[in-house]
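Taken from TrEMBL, the feature transmembrane segment applies to A:6-26, A:47-72, A:125-144, A:175-197, A:209-229, A:312-331, A:352-374, A:394-413, A:425-442, A:448-470, A:491-514, A:615-634 (among others). Annotated domain 'Cytochrome c assembly protein' per TrEMBL: A:89-295, in sequence order. Per TrEMBL, the feature domain 'Cytochrome c-type biogenesis protein CcmF C-terminal' maps to A:315-637.
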Amino acid sequence: MITELGHFALVLGFAIAMVQTIVPMVGAHRGWRGWMAVGEPAALSQLILVGFSFAALMHAFIVSDFSLQLVALNSHSAKPMLYKISGTWGNHEGSMLLWLLILALFGAAAAWRGGNLPPALRARVLAVQAAVSVAFYAFILFTSNPFTRLAVPPLDGQDLNPLLQDPGLAFHPPFLYLGYVGLSMSFSFAVAALIGGKVDAAWARWVRPWTLAAWLFLTVGIALGSWWAYYELGWGGFWFWDPVENASFMPWLLAAALLHSAIVVEKREALKSWTILLAILAFGFSLLGTFIVRSGVLTSVHAFASDPTRGVFILAILGVFTGGALVLYALRAGAMEAKGVFSAVSRESALVLNNVLLAVAAFVVFIGTIWPLVAELAFDRTLSVGPPFFDAAFTPFFVGLALVLPVGAMLAWKRGDLARAARPLWPAALLAVALGGLAFALQTGRSALGPVGLALGAWVVAGAALDLWSRTGREGAAQRARRLLRLPRADWGKATAHAGLGVTIFGIAAMLAWQVEDIRVAQVGETYAVGGYDVTLREVAEVQGPNYVSTRAELLLARGGSEAVLYPEKRFYPVAGMPTTEAGIANGVWRDLYVVIGEEQAGGGWAVRTYVKPFANWIWGGAILMALGGAVSLTDRRLRVAAGARKAAAPRPVPAE
Amino acid sequence: MRRLLLVLALLWAGPALAVEPGEMLDDPALEARAREISKGLRCPVCRNESIDESNAELSRDLRLLLRERLLAGDSDAEAVAFITARYGEFVLLEPDRSGANLILWLAAPTVLLLGLGAGALAVRARSRAAPPEALSEHERARLEEIMKG
């Protein structure tokens, strides 16, 4: 019964979304206030309806209602509760419903927070947002209905893919979707502005927080996915340039570019049409990402629910929205007149360079991702584009970004002076060179990757710190320290996010350059040395888990006085018939110890792989800093004051027209 | 003895876990070369995994084949050519730089140059543009009105 109500709520939401697409749009065009006002209650009721629908589906998963096809295919009564809940979105249909739920969430948030928007702009934003929703309602109801019942329910389910039964992956999709779908807000604002024909500083001020929120959720989602790959896939890699990873990385890069170009629109009223284009493209790439994952057109580890007919439907959504928006852009972008004037050396120019580098980097990822498809269709060549290509083609862009970032961040608006901006940065340059040289001297005969990564990371982090410090005036240190705490949160957010990028760059370089690997057959009780650690395989035992059997090893890793005991496992999930590896990891600030247990050998003993991964956690630590920087920036006074102004202005009577 | 090891390795049943200790060559330099090459070869039956990471049977066969070629005295390029001749260029994770693939390899530098050019043009346009015009007559009147009120 609850399930049917959920299904019905979804259909009702579909109808409301259609109304919300048309009525406010017509109202905004004709200037009818009543019609424009329809957007708000419609957006709120959509959220309630889709929310109820999602809750109904989750309820079916929690109570293991196997009369529902989706539950029977993706759940099992013996599964732990956390994975019953996360199983709701650990499959194609459920994840699309989650996508829709988040779309409705953002729409309702825009209705609720948008009190200070001009009514016509708000009506158009809500209408565009609803149009995207309509497409996804149709997609869910017509091609991937999660509420399909089975005539003969099975006694038990077929279990969730064991790889997905993991806390890291349980929360990876919601964050990723919050990011993907958050970009729909930027898209809706861009299209609404194109229709209305007006982009100004106020517009950019409304768009920025949405983009920032989307970007920070994407950051968290990508970091969670990469962290999961690191500990779950069993060889400690953290990024594979897999099509699905790229699918989330492209919107991230474009959102980062959009974030920066919207600053120029807000502060200087320039780069308007480029910003609009970026907003369209960023959401376009989110849709493309959905298409890549859902169609399985580019096969990858993640395509757990691939189906070509669904792919075509999403391709149509992608074509209609991105294509339509781009046509609108071509027709109307000419009307976006830039106002601000700036010289060639200025913060504006630095942000243009930032945008060029980020956008071209996104393009490189894009062409590498689709090239196998193009080569097969156009040149009849079946080939692969893997990590070696991306490493070679992509890395230079981030090296360039990291080099320019600290200087660009300190340049003055409008008319900057390169020498003056660079002067406070010399300690950072000195520190970077010194650390890089030290690392080069300490490591003998290894690649330059480690020292270069360290130098770049130090340059960016120290540059971010000096940027903050330079804003505190010229008085004594105590006075400056006090002022440091009173700096606007946007400044703190900027410095934190930039420092996070530096930390991640360093972490990636350090781990790749200085990792120690050992693969061997170890006898139980045997001790061997890896990277300065004495490793002892103590015992290997069979263990019974809630819905799996496991071969669990116990290893002791000792160095000097400190020691760690690790329990790597090799699990087998009988219902799904799948093995998984669970690495044993001792996390540390300076290094991770990472052990994987392999097969029992014919001549006795076990295959064991042992890694010492220096600075591994800095990769995700940097990502957390980036997201934190975004969050701090979102709480800036500027945005809170705008919210306060909205409350004060709300009761004002609406004049008749 | 080495042959025997290879044969034994081939006979093991069950899912292997990426590179197995038994597969590795005794000569560390040769083994390091084998690891480096196999990181650039794609497992033909997997989804985006190199044969170095993959657990598939076929990947193990390829790893052993590669090591056999290296033992037989092949250079890195010869060993890779031997495998691509049999499994197609699909197994190359780094696409070669021939024919249409040149588009792929040249895309990044070309688009970067275009982007920098477009950016420079945009910056130049903004730096030469006339500053926004002064207030119009109507705006000035309105401003005075506001200032008075």
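Placed from the backbone N, Cα and C atoms, the Cβ positions cover glycine too.
The stretch in A:125-144, A:175-197, A:312-331, A:425-442, A:615-634 that contributes the largest number of Cβ pairs under 8 Å to the transmembrane segment (A:6-26) is A:125-144. Sequence-distant neighbours of the transmembrane segment (A:175-197) (same chain, 6+ residues past either end, Cβ-Cβ under 8 Å): 28, 95, 98-99, 102-103, 106, 110, 120-121, 124-129, 132, 203, 206-207, 210-211, 213-222, 224-225, 248, 251-252, 255, 258, 275-276, 279-280, 282-284, 286, 289-290, 321, 325, 328-329, 332-333, 335.
Count of Cβ pairs under 8 Å against the transmembrane segment (A:448-470): among A:209-229, A:352-374, A:425-442, A:491-514, A:615-634, the largest is for A:491-514. When each of A:312-331, A:352-374, A:394-413, A:491-514, A:615-634 is checked for Cβ pairs under 8 Å to the transmembrane segment (A:209-229), A:615-634 comes out on top. In the predicted structure, the domain 'Cytochrome c assembly protein' (A:89-295) carries a mean pLDDT of 89.
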